[in-house]
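> First the structure, which I've put down as structure tokens, then a few questions once you've had a look.
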């Protein structure tokens, strides 16, 4: 069977959930025995989101092969339970950069380089490359932005051309739109959807399926009206109601017949669907018996999407412990030693996530100090691990100005320092320690207890590391080195003795957590928080 292609576009407004729609379809097709892969096209000119502010873009999701990508790839991986690659996220910047590099090398033989065909061909190559690399039945591609955005036009033209190249029977266009409900009028308005589809058809794309985000159910009459004016069958108009939990969305879209429509359009000959595992998981999520409150002490807490994988991983850890996780968001700039007790006294665990720069550092250190001294379950991630080492050096070893050389280049005690291979790097984009690396765990540690493995593999995104010049002093003072690189050169995990759960890791465990396969560190952390809750 030739590879099939599904393209998911969006209209009316952004943030409609195209990514969740694509991920949900991927899950449904996988549950029908179809081999799938998903990719995201982002129309911005950045080569990748690695240097973008979290306030601009939300979380940067890192793949096994070290690509810094859009947060939607996190949704894709969590839903389809497969690891993606750098080819799964393509930006305008990446496309233009590759085309210009080819032009400089003379690969266009002196021809005039244009958007059509050179940019569009490069975009199409990225779609075909995923099909080739992954040996899949279906490639699902989400086009970022909304129809009508000038930045999206080369991508839309490219997916229009793909239909001509591979045949109409091998392509399905899904358009996600908004059907707003006007409370005063008491009716759903279909005109925005009609105009969005009109815009799409003007550039040569006729959607096969329209997924309508709505807060009210669409009647058959409303679906028929949308179908009539958008030139599709009424049953190809799918409602996507707001869900209490993201993981309900695949089941809701299945009940609307989305996967059946795609299988019919692409002549996939799918097996009967087996959603039993997913249904069981969703039912479990709806009936959690316990509750814990976790403080998330970060610098971007106003935008929860900046920590979306951490939030999801905490929830996954809760599912494994039959526990609902409530997050108490604490701005690291608002916490200090004098008010830590007041801000943290009602929580069952404290998590300090990753980040960059000096803003909020002292607040993170204050939260970690309180967690250590009050024996409150603590999980530090990336910068959170570095802050844990700094706090320990200051409070236990008495190195009052201990710091990271990132924060204070003049510190007398740079317990966190720039990695040697990072010292001569000038460009910021794509130059950190990125992607999957192995780690050897020490026995008789919390980390070894939860992983139950000597060698683990986790994803990294950092430039700074534990400074080995201080390893002897810090370990002799009671901080355990619980995990290192296999050559023991890099410290990856630290723990504190005589504490119920104090684990800080240099890597990002949240990036590998899945709802059906919660990450073991988060399972252990929430278990410790639950024990803390029950001991009150």
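Just so you know, the numbers here start at 1 and follow the chain as drawn.
A Cβ is built for glycine as well, from the same backbone N, Cα and C atoms used for every other residue.
Keep in mind that this is a model prediction, so the values were computed, not measured.
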> Besides 15, 16, 17, 18, 19, 20, which of 70, 72, 81, 125 does Swiss-Prot list for that ATP site?
72
> Given Swiss-Prot annotates 14, 149, 150, 151, 189, 190, 191, 192, 193, 194 as CTP-binding, which of 94, 102, 225 belongs to that site as well?
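Answer per Swiss-Prot: 225.
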> If Swiss-Prot gives 55, 355, 383, 384, 385, 386, 406 as binding L-glutamine, which of 134, 463, 471, 489 does it give for that site as well?
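Candidate in the recorded L-glutamine site: 463.
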> Tell me, what is the mean pLDDT of the domain 'Glutamine amidotransferase type-1' (293-535)?
93
> Taking Cα atoms as reference points, rank the binding-site residues 190, 192, 406 by distance from residue 15 (ATP binding site) and give the first.
192
> For the binding-site residues listed here, 16, 20, 385, which shows the highest count of neighbouring CB atoms within 10 A?
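Output for this query is 385.
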> Between any two of 14, 149, 150, 151, 189, 190, 191, 192, 193, 194, 225, the residues recorded as binding CTP, what is the biggest Cα to Cα distance in Å?
31
> Using Cα coordinates, what distance in whole Å links residue 194 (UTP binding site) and residue 72 (ATP binding site)?
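It is 27 Å, counting Cα to Cα.
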> Measuring Cα to Cα, how many angstrom lie between residue 510 (active site) and residue 20 (ATP binding site)?
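For residue 510 (active site) versus residue 20 (ATP binding site), the Cα atoms are 18 Å apart.
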> Residue 508 (active site): which of the recorded positions 16, 72, 225, 382, 406 have a C-alpha within 10 angstroms of it?
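Cα within 10 Å of residue 508 (active site): 382.
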